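Feature annotations, courtesy of Swiss-Prot:
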type	residues	note
DISULFID	40-52	disulfide bond
CARBOHYD	25	N-linked glycosylation site
MOD_RES	22	pyrrolidone carboxylic acid
SIGNAL	1-21	signal peptide
């Protein structure tokens with residue numbers, strides 16, 4: 001029982017590390033954020049009252 005829980009914790013910790021290590025000044029990351037917001041406004045905006053960001 002301890003082994004699956006330990007593996008889950010290791011996986012979650014590694015994913016958190018990847019999320020925190022993202023370079024948010026990278027031009028590719030900035031462009032992907034702009035593309036995501038544009039997609040959100042076009043597809044989800046009317047359903048969320050025009051809001052797409054958290």
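These residue numbers are counts, starting from 1, taken along the chain as shown.
Quick reminder: no glycine exception, Cβ is built from N, Cα and C everywhere.
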Cα-Cα distance linking residue 40 (disulfide bond) and the residue listed as 'N-linked glycosylation site', given in Å to the nearest integer: 21
25, 40 as recorded positions, winner by CB count within 10 A: 40
